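The block underneath contains the structure these notes are about, expressed in structure tokens.
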Amino acid sequence: ALHEFPNDIFTNEDRRHGAVVLHVLCAVYMFYALAIVCDDFFVPSLEKICERLHLSEDVAGATFMAAGSSAPELFTSVIGVFITKGDVGVGTIVGSAVFNILCIIGVCGLFAGQVVSLSSWSLLRDSIYYTLSVVALIVFIYDEKVSWWESLVLVLMYIIYILIMKYNSTIHHLFERKTKNSANMVNGLANNTEMDDNSNCDATVVLLKKGNFHRKASVIMVDELLSAYPHQLSFSEAGLRIMITSHFPPKTRLSMASRMLINERQRLINSRTYTNGESEVAIKIPIKHVVENGTGPSNSGERGVNGTRRDEDIAEAGNETENENEDNENNENDEEEEEDDDDDDHEGPYTPFDLPTGKIEILKWLFTWPLSFVLYFTVPNCNKPHLEKWFMVTFASSTLWIAAFSYMMVWMVTIIGYTLGIPDVIMGITFLAAGTSVPDCMASLIVARQGMGDMAVSNSIGSNVFDILIGLGLPWALQTLAVNYGSYIRLNSRGLIYSVGLLLASVFVTVFGVHMNKWKLDKKLGCVCLSLYGIFLCFSIMTEFNVFTFVNLPMCRDH
């Protein structure tokens, strides 16, 4: 693979005497550059595209958001197929997949700071389809070559996955109906299985649930909802209820409706938990943390395939602002959106001409200055209102930068591997996999710290489905169908079969572990997952170095 790239300025002897450290630093900087471009430019442009196409949350999560978080792996795979013609792409995706499942769930369990509840539906949905994807991959790479129809099957499987996500709520409804039991009842309310939302009768839950399907806070007919899903009212609530009927003028109705929403919200906080139709989540943090920690509309926390929790937080944040000024609901919502925009600007990329405050921030700014300087002039930041209409330019230019940084990263890693005598596959499974998945890990951790375990787990498993079906399937399909019709993709390493087999085992072990842990993500489960990741790495490395059986030819050396 080394000879497929331009010549290095250092000789192999120079690298062995210490110059390889410069290559390592360059590779690490490329990881950071990829994270910046993906989070601050690529994902926001994808959000704008989703808004223009009017895609539902689930479909957007399964398609554009997954593409956003897995772009480095996809481009690494493309480079592996068309440039290095080796296993670096497959190794990266297999390693990244195991990292996503074991390491991300392990880190979330250890550092979430609380016990996070998981719902069985989202975990089972993603892991079952993911298992099918891995089984298909094992069957196709078993003979060490991939034909055009095999790569096409992988791409078609991803299209089916998008359809499943599109009808997710309907399938979930059927799943819930079969597994429903008395535990889903809250506050002793009557069970009403005919409900549209498959939620309980608590009006607040219905309000939150109704708000889920719109990005902006939508107009909710409070009186209609409360009459459709009644609950035991106190005397004051009954008074408010009467005053939001059509017998009163609009201004009174609006004022009373907002008061009623605030009362419902307050009652919800006092009860400390709510049910959202999937699982109970303890509300342990104020809403301001949600925005600060970075699950605002354009941050990486949005990557999760199961994006509904984030929208609930936005709905809750909207209700929180209503507490401050009950009678001017619309203005408050506008102010809250502006606050979010300010936060995004603060959390967004550094600009090369604005020095931040604080010593650590200044160090970060200096470290990223070359990067922010180049991106400032080449990629418009579509988070800013005056550049919002340039989102397609942001999408195109950030895609080119991701491709360029991925090329540099794979080039550096190939040189490092060659210098140290490490096969491409091992560099992919360890160094590249961890580097390209660190942004995912950070995003999942931020989300898990806010008690949204489903979104963290869906983010890690959902991006894996994209990695395997599109990250491998698409470059293979392009090579065997478009570039050289009827050709085969040949895999050099026999050990990949064992690594993919271990990948399948890791899914089973994770789901079994979560089930045994009563669908809770805690430190105990985190430790188990991280130790399993260590075992996987050891086993994969030993397999590639021919410890158990002969899988790899020794690396050629320049004499």
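Yeah, the Cβs are placed from backbone N, Cα and C, and that goes for glycine too.
Record features, source TrEMBL:
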type     : residues : note
COMPBIAS : 316-346  : compositional bias 'Acidic residues'
DOMAIN   : 24-165   : domain 'Sodium/calcium exchanger membrane region'
DOMAIN   : 391-542  : domain 'Sodium/calcium exchanger membrane region'
REGION   : 316-351  : region 'Disordered'
TRANSMEM : 20-38    : transmembrane segment
TRANSMEM : 89-111   : transmembrane segment
TRANSMEM : 123-142  : transmembrane segment
TRANSMEM : 148-168  : transmembrane segment
TRANSMEM : 399-418  : transmembrane segment
TRANSMEM : 425-448  : transmembrane segment
TRANSMEM : 468-488  : transmembrane segment
TRANSMEM : 495-515  : transmembrane segment
TRANSMEM : 530-553  : transmembrane segment
- Message: Is it the case that the transmembrane segment (123-142) and the transmembrane segment (468-488) touch, counting contact as three or more CB pairs under 8 Å in which the residues of each pair are 6 or more positions apart?
- Response: yes
- At least three Cβ pairs under 8 Å linking the transmembrane segment (530-553) and the transmembrane segment (425-448), pairs spaced 6 or more in sequence? yes
- Listed stretch, out of 20-38, 148-168, 425-448, 468-488, that has the most CB pairs under 8 angstroms to the transmembrane segment (89-111): 425-448
- Item | Helix-strand-coil residue split for the domain 'Sodium/calcium exchanger membrane region' (24-165), DSSP-based | 120 helix, 4 strand, 18 coil
- Query: Out of 148-168, 399-418, 425-448, 495-515, which stretch has the largest tally of CB pairs under 8 angstroms to the transmembrane segment (468-488)?
  - Reply: 148-168
